[in-house]
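Q: First the structure, then my questions, so here it is.
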Amino acid sequence: MTALTGDQIRQKFLDFYAAKGHTILPSASLIPDDPTVLLTIAGMLPFKPIFLGQEAPKVPRATTAQKCLRTNDIENVGRTARHHTFFEMLGNFSFGDYFKGEAIAWAWELMTTVYGLPPERLLVSVFENDDEAYDIWHRQVGLPKERIQRMGEESNFWTAGPTGPCGPCSEIYYDFYPEKGLANVDLDDDGRFIELYNLVFMELNQDDQGHRTPLKAKNIDTGMGLERMAQVLQGVPNNYETDLIFPIIEAAAQRAGIQYQKANASTQTSLKVIGDHTRAVVHLIADGVTASNVGRGYVLRRLIRRIVRHSRLLGINGLVTPDLAQVAIDLAANVYPNVRERQAVILSELQREEEQFLKTLDRGEKLLAEMLSPLKKAKGKKRSQPQLAGRDAFVLFDTYGFPLELTQEIAAEQGIGVDVAEFEACMAEQRQRSQAAHETIDVTVQEGIDSLGDQLHPTQFRGYEELSLTTTVTAILVAGHPATTATAGTEVQVILEATPFYAESGGQIGDRGYLASSDALVHIHDVQKQKELFVHYGKVERGSLKVGDRVSAQIDLSCRRRVQAHHTATHLLQAALKKLIDENISQAGSLVAFDRLRFDFNCPRPLTREELQQIEDQINAWISESHTTHTYIMALSEAKAKGAIAMFGEKYGEQVRVLDIPGVSMELCGGTHVHNTAEIGLFKIISESGVAAGIRRIEAIAGAAVRDYLQQRDSIVRELCDRFKAKPEEILDRISQLQADLKAQQKALEHLKAELALAKTQALLEQAKPVGNSHVLIASLAGVDPQGLKTAAEWLLNKLGSGAVVLATQPAADKVNLLVAASQDVVQRGVHAGQLVAALAQVCGGRGGGRPNFAQAGGSQPAKLAEALELAHSRLKEILES
């Protein structure tokens, strides 16, 4: 058995199967195409549509090294030898081509010949009823019967779900202790055995009754964990000490000033967590995920926060994730070049997220420590495990942004549980409070609709083809309650048999318009969808509307056209962002209204003015190119196969509506759109801003709304011209002159402040005291900003020649600024300004640091300032008089 690097193991696997006629395919993204799946959790996931018969295979045989990420066992990461979040799954796949005989024979050849594993260390399992696989292993491969175990359905039978393709599995295990013999072997003993290779034989189809029948086209799906194979071939005790992860662990240990091999168990666990999670966050960001509070973004945020938390447990202060990520990038770049291409994005996202979390962590840890203190004292007095109240955990989360998972982790370290049920109840109460005000009418309407029971049939929506139609009123609600009649002046909700009105969904607001009968006119100002019913919100303007009336339903054509322009422009905006900024950008929310559009998307940084202009220019170019739009109804699997963009978290039926702008954009969309991009006319970006961590927002206008916007801007320019008595082209110069005058006055004011600070500083010089062979000056200054503090320290140190200066100021009631400066000879005698100011800041409830000769810090407890300055005096005296 020859030791191989992780890269060599991966390449040998791919080369072996390529020689067996397999096409080597690149790893799919960690963001799967399937909008119902959060992350790519298995090597077979990219091929799932093929295995389910939804897509035809492009090749009969394939082999991959697939990036995967799972968080279901995140608490076990670092605590066991083999649990990971991020891992690589090596696999070979057959789509109706070869089957069990070849799959088993090749797997054995790979393990024993290519990787050189001793046959006497290998055992296999088969499904208890799979005689065919058993015979292949025994008779064709020649494996002794005592090395083949039949196992039950729970461990050795794979299903895609309640129905669909399924089949038995066969697994290859490595024995770390063959000297123990084969009597009473338990393959689940992970201290002795490690599962290396899993072969799935998809040969059956399961119906909704649980009956299984043979498949015509039988498939092979296999998986080998790269990290596990590396552990075996590199002869290390766990996956973390392989060359795939250990360099990250070593980098973290070096930052902490410790040696991994000499560290205790809890320290090693923290280092393993850091190593594992760092790989995960690098690949998540490289594949387009940004930190947020939902979905994949929350997975990323949680992993980053766990890295920071475990780094703090090791005593690592300051930013840590960018440095560790650089190690992970260097390890992966040769195989996954996108981590190098997106290196700047990865490091920037990690720095931003870590800096944000450190603010949360400091405050949250202090509050949590106060909450846990009485529980720790009571722990020995109670037989049951003490629990932190869920309401307290909720306060930490809701008020201070401290994650529940982190509260649980810190509490568990001290043997304390958390009442998660109460926490969830508090969350539910908060959601109800926040939604109650604007949901009252909707809830009442929903109750009114429910009370009508089966009297109502789903509304026929015909608004794609018809803008007006004659239909029947099937229900009327007044104040949310069913009614038979509504008279003039009454606010109503009307349900029709059929409607041309679009109901609000997918970010697009509902149509406006009117209903007219021989006796009534109803103005419709909103349309909402309740279950399968379209509820038209309006007001009876004249006459009397009755259930059973025949009415003419007419949408407001002007409003519909404005909405259509904004909706198609939204699709163009997403296409432009993907083309010009990052192909991994995806929608996080949207609003399509009559007067504007709003588009939220994942992006770790603000867009520049130049980028926004490029986006605007690209969209207007597409508009002027007069692209015809096409809508299609097709199967969801077909739409995904064609590359249509779906929004994660949306639930889609088997049949979906697709808007295609050939060569520009293809998205799943149920909204209304222009027939040709030229109908949009013009597109204008109004603003770009951040709405949450990792989420940016663009607000824009299109079509007639641009005309309104330009008229308004023209009015503003005319008003400025009148005020400045200037022509439009002269206004900027006038404003620049005003700014220059203001800047000159501010500069003069700063000069006066500096002179005042210098006068105060000169008076301080007399307070310097001799300590050892140097002078020490410790003082507090009033009315001086940090820059003034720095200027004063430099002047004083220059006058002292040899010595140390410690200055403090209190710029606000709850704020302290501290500064330590030292001459070079004093530094050589052992004074370190950065370490000293950190100690002083800690006394004042803050933090900071810096160079040996100069450092600044801040604190939040001015009452402790005198104590901090006394500490400075004693520390300097101790060093300089020794």
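Cβ coordinates are placed from backbone N, Cα and C, and glycine is handled just like the others.
Not measured: the values here are computed from a predicted model.
I grabbed these lines from Swiss-Prot:
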type    : residues                       : note
BINDING : His567, His571, Cys669, His673 : Zn(2+) binding site
Q: Centre the Cβ atoms of His567, His571, Cys669, His673, go out 8 Å, and tell me which other residues of that chain have a Cβ in range of the Zn(2+) site.
A: Gln564, Thr568, Thr570, Val592, Thr629, Leu659, Glu667, Gly671, Thr672
Q: Please report the DSSP secondary structure of His673 (Zn(2+) binding site), reduced to three states.
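A: DSSP assigns His673 (Zn(2+) binding site) to coil.
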Q: What is the total of other Cβ atoms whose distance to the Cβ of His567 (Zn(2+) binding site) is within 10 Å?
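A: His567 (Zn(2+) binding site) is surrounded by 24 other Cβ atoms within 10 Å.
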Q: Who sits close to His571 (Zn(2+) binding site): which same-chain residues at least 6 apart have their Cβ under 8 Å from its Cβ?
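A: Looking at Cβ-Cβ distances below 8 Å from His571 (Zn(2+) binding site), excluding near sequence neighbours, one finds Leu659, Ile661, Ser665, Glu667, Cys669, His673.
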